[in-house]
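Colleague: First the structure, then my questions, so here it is.
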């Protein structure tokens with residue numbers, strides 16, 4: 001009998017999942033479908049524009065825009081890996097997702113989230129070099145170093161996910177298949193486990209220190225030096241120019257890190273499902289879509305690049 005129970009649990013572990021989403025509120029699902037689709041299309045358009053401009057305009061062949069293009073590509077991958085399934089669940093009555101599909105989405109959601117944490121720290125270091133070491137900037141941020149830093153960001157995120165995703169998926173669920181979410185999220189899956197998850201939560205916290213908090217500390221240190229340098233600038237125009245160089249990145253860091261820290265650095269038993277759903281919506285659809293807007297709204301180089309590509313390069317912005 002025990003053997004039969006174990007075989008049943010092992011079989012159920014590899015069955016698909018049911019992403020409950022907001023199925024108890026069908027009218028809300030219809031509204032969310034329209035909102036999510038709109039944000040997704042805007043995300044693709046905005047981030048694709050940044051990538052193309054960074055490639056086509058030689059004036060944007062700088063470390064700042066190299067990392068910005070990486071961030072745009074990352075946001076496109078993140079949204080494309082999660083939003084189509086979300087739209088499918090919101091649109092119709094079928095809420096199922098296969099075990100393999102769930103595993104793949106969980107891996108890439110964790111991986112790309114980790115990449116963004118490290119990449120934002122790399123971008124902060126680039127801002128530090130630009131503001132605090134302007135005379136040595138081109139020597140410090142040479143193309144080889146930029147490539148290496150970007151590679152470290154991508155490898156860190158995917159390496160972290162390679163540890164966390166299998167650990168989460170292997171948790172015994174005792175036949176539970178209903179995930180009270182619309183996305184393959186680690187906190188929701190941990191909450192389904194029928195065993196004590198203290199050890200796994202401790203591992204999550206330790207890895208989060210390296211993949212979330214350590215980059216955040218580096219960002220804060222970089223901006224501490226930047227703030228000190230800016231305050232030493234005597235002219236108001238100089239201070240404003242230095243601040244404008246960094247404010248876009250600061251906004252993006254605040255939006256991204258604020259949500260991630262709140263979601264992942266708290267115990268699973270204090271995790272409110274409805275609260276988690278809306279926070280996930282925020283960092284899945286809102287943040288990737290506003291990133292291009294934040295970086296281009298007050299960016300003269302991007303505006304000039306757009307006009308150049310459109311054949312209006314001689315017009316002053």
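Every residue, even glycine, has its Cβ placed from backbone N, Cα and C.
Bear in mind that the values here come from a model prediction, so they are computed numbers and not experimental data.
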Colleague: Per TrEMBL, which of 177-201, 202-226 is transmembrane segment?
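Modeller: Checked against TrEMBL: transmembrane segment maps to 202-226.
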Colleague: Looking only at the domain 'G-protein coupled receptors family 1 profile' (46-295), what is the mean pLDDT?
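Modeller: In the predicted model, the domain 'G-protein coupled receptors family 1 profile' (46-295) has a mean pLDDT of 84.
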Colleague: Before we move on, state whether the transmembrane segment (247-265) and the transmembrane segment (145-163) share at least 3 Cβ pairs under 8 Å, counting only pairs 6 or more apart in sequence.
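Modeller: No, the transmembrane segment (247-265) and the transmembrane segment (145-163) are not in contact.
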Colleague: By a Cβ-Cβ criterion of under 8 Å, what residues six or more beyond either terminus of the transmembrane segment (202-226) are in contact with it?
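Modeller: Cβ under 8 Å, 6 or more out: 114, 117-118, 120-121, 124-125, 127-128, 131-132, 156-157, 160, 163-164, 167, 186, 190, 242, 246, 250, 253, 257, 260-261, 264-265.
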